[in-house]
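To start, the structure itself, in structure tokens.
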Amino acid sequence: MSWNISHPQLSDKLFGKNGVLEEQKSPGFKKRETEVYVGNLPLDISKEEILYLLKDFNPLDVHKIQNGCKCFAFVDLGSMQKVTLAIQELNGKLFHKRKLFVNTSKRPPKRTPDMIQQPRAPLVLEKASGEGFGKTAAIIQLAPKAPVDLCETEKLRAAFFAVPLEMRGSFLVLLLRECFRDLSWLALIHSVRGEAGLLVTSIVPKTPFFWAMHVTEALHQNMQALFSTLAQAEEQQPYLEGSTVMRGTRCLAEYHLGDYGHAWNRCWVLDRVDTWAVVMFIDFGQLATIPVQSLRSLDSDDFWTIPPLTQPFMLEKDILSSYEVVHRILKGKITGALNSAVTAPASNLAVVPPLLPLGCLQQAAA
């Protein structure tokens with residue numbers, strides 16, 4: 001079954017001009033203190049995916065190296081501070097079921113034994129009670145019983161997909177309750193079914209998960225009202241004092257829409273590291289790391305009456321492997337909420353209370 005992606009005119013109408021994603025190219029490779037080493041990468045990873053992995057740190061350049069069954073990269077982040085922050089946030093993080101090894105580029109890091117993983121037996125699935133997109137989901141294939149070499153392991157990797165942190169109930173319950181005082185609109189989301197057009201705002205690469213806006217007349221009206229209000233308020237809203245920025249702060253920050261330009265958008269502070277804040281852009285379903293001094297105040301409830309424009313979805317059968325789908329319309333059928341979960345203590349996954357349905361989209365045939 002193939003994608004049914006509409007022409008970009010509708011997304012242009014909502015966002016502006018048509019944007020084209022371009023891969024940054026390296027004029028030459030030279031190790032610098034502003035570069036970060038990213039090791040234990042999948043063999044088939046592209047430069048574009050590496051840049052996306054470090055998108056929160058505004059990477060300038062990437063140099064990918066593949067040696068036999070090993071793949072690693074050096075990424076220029078532009079400053080030593082960003083290198084330190086990237087190491088803190090990404091080292092040890094699971095990426096395509098591989099533990100990333102992130103370090104400075106001063107010397108090649110030693111390969112640790114826990115980085116060499118043999119195929120594991122499938123995790124145990126259990127039925128989750130209720131509905132909610134705070135569930136941890138898994139799609140699993142049987143792993144081979146006999147040991148294989150690392151090259152063969154790359155080809156036989158199990159298709160395991162866990163609901164990302166920002167889509168889980170433990171995160172969203174806190175976010176929505178602190179941002180929106182009136183949650184009566186939640187009932188409408190539970191009732192959404194049938195044929196739909198979804199304007200994709202962000203994806204989780206090589207998984208079935210993505211954030212999208214359900215294209216309706218109501219969405220168009222909400223977008224116009226919200227963006228008009230934020231545009232008028234932006235210059236009047238003061239920048240936040242550094243001491244007031246903490247987890248749970250409602251604020252306004254500049255969101256990058258690629259070639260579409262920039263837009264000030266509602267966001268919620270998830271964490272703070274020195275002079276950097278990790279924020280969730282409410283209306284685009286996107287996490288980003290931005291300077292604390294660039295945040296503006298947006299604590300009045302008047303700015304939080306319009307529900308979030310976007311929500312998470314999961315494809316029933318396919319995965320998203322191309323970034324070209326971002327800012328495009330996907331057409332398909334919303335079949336319901338995700339209703340299965342996985343118990344996997346070793347992988348630090350947890351079943352959490354339901355809140356909203358993680359919409360399951362059945363792709364339309366081409």
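Note that Cβ sites are derived from N, Cα and C of the backbone, with glycine treated the same way.
Cross-referencing 84-105, 106-127, 216-237 with Swiss-Prot places the feature coiled coil at 216-237. Across the domain 'Tudor' (210-317), DSSP assigns 31 helix, 44 strand, 33 coil.
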